[in-house]
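So that you can see what the record holds, here are the features copied from TrEMBL:
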{"type": "BINDING", "residues": "Asn14, Asn66, Gly76, Asn77, Asn173, Glu190, Arg191, Gly201, Thr202", "note": "substrate binding site"}
{"type": "ACT_SITE", "residues": "Cys75", "note": "active site, proton donor"}
{"type": "ACT_SITE", "residues": "Cys200", "note": "active site, proton acceptor"}
Amino acid sequence: MTTIPFYKYQGAGNDFILIDNRSQNFNNLSTKDIKKLCDRRFGIGADGLMLLNSHADYDFEMRYFNADGRLGSMCGNGGRCIVAFAKHLNLITMETNFLAVDGPHYAKISAEGNWVDLQMIDVEEIFTDGAASILNTGSPHYVTQVTDLEDLDVYQAGFEIRNNDTYRENGINVNFIEDKGDRFFVRTFERGVEDETFACGTGVTAVAMAMAKKNGKTGKLSQPIQVKGGELRIDFNYDGTLFSDVFLCGPAERVFGGSVSI
Ligand SMILES: N[C@@H](CCC[C@H](N)C(=O)O)C(=O)O
């Protein structure tokens with residue numbers, strides 16, 4: 001039996017188990033272990049689990065697993081939470097450069113310590129699938145506009161798109177948007193959780209980019225986004241071809257800590 005000290009964090013309701021693995025004691029967690037730890041009835045409960053590893057060239061390395069226990073692609077809200085965790089561990093102060101699965105990331109933390117601006121990868125390619133936009137912001141996303149998002153069955157609609165002939169094999173995260181005038185309201189069905197989550201950081205980043213392109217907006221842009229778990233903001237530059245200087249900004253809070261035996 002292994003005892004694992006952990007912390008639970010959340011960023012706009014997207015929640016994660018954080019484990020300090022600088023000792024490398026938890027390298028061998030299996031898919032089954034991670035799935036159980038993330039289970040909301042038989043485990044701690046979370047949308048994903050992250051190991052914070054040491055790295056020779058960066059402040060730390062983020063290794064992200066989805067709630068199904070499998071290695072995920074980039075998680076934006078997870079990235080913001082692991083930065084807050086690194087600060088809690090006194091590994092960093094107000095700024096950091098760390099490594100994630102999609103490459104290096106820079107982030108800065110607010111003076112209060114519970115707000116993190118995380119730089120995301122530059123994006124150039126946006127494809128279409130009917131009226132939907134398809135893009136990769138570190139994770140693959142399908143972005144589609146709807147009316148009356150409050151009443152949409154996001155689980156059913158997201159499940160059908162994620163499991164259709166085009167996306168079944170590799171999966172995709174499905175984001176539904178309603179334009180509220182001063183902000184977008186977004187709900188996401190997440191691959192790897194296989195359910196709706198309260199927020200998806202790479203998802204809202206994809207939404208901000210897809211909608212800027214669709215609405216012909218260029219220059220230095222700042223897009224507020226409302227999700228089920230709170231408010232996020234995407235700051236970026238768009239020259240009509242490339243999205244650069246992209247920052248996912250929002251809350252990242254420690255909820256509780258403890259230890260668990262598996
Ligand atoms: N919640 C995440 C997205 C996590 C990655 C995703 N589920 C996948 O592997 O496709 C976020 O905040 O970006």
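Cβ from N, Cα, C; glycine included.
Following the DSSP three-state reduction, the secondary structure of Asn14 (substrate binding site) is strand. One way to see the shell of the substrate site is to take the Cβ centroid of Asn14, Asn66, Gly76, Asn77, Asn173, Glu190, Arg191, Gly201, Thr202; the remaining same-chain residues with a Cβ within 8 Å of it are Asp47, Gly48, Gly72, Cys75, Gly78, Ser139, Thr188, Thr197, Ala199, Cys200, Gly203. Across the residues the record lists as binding substrate (Asn14, Asn66, Gly76, Asn77, Asn173, Glu190, Arg191, Gly201, Thr202), the two Cα atoms farthest apart are 15 Å from each other. Sequence-distant neighbours of Asn173 (substrate binding site) (same chain, 6+ residues apart, CB-CB distance under 8 A): Ser139, Pro140, His141, Tyr142, Arg162, Thr188, Phe189, Glu190, Arg191, Cys200, Thr202, Gly203.
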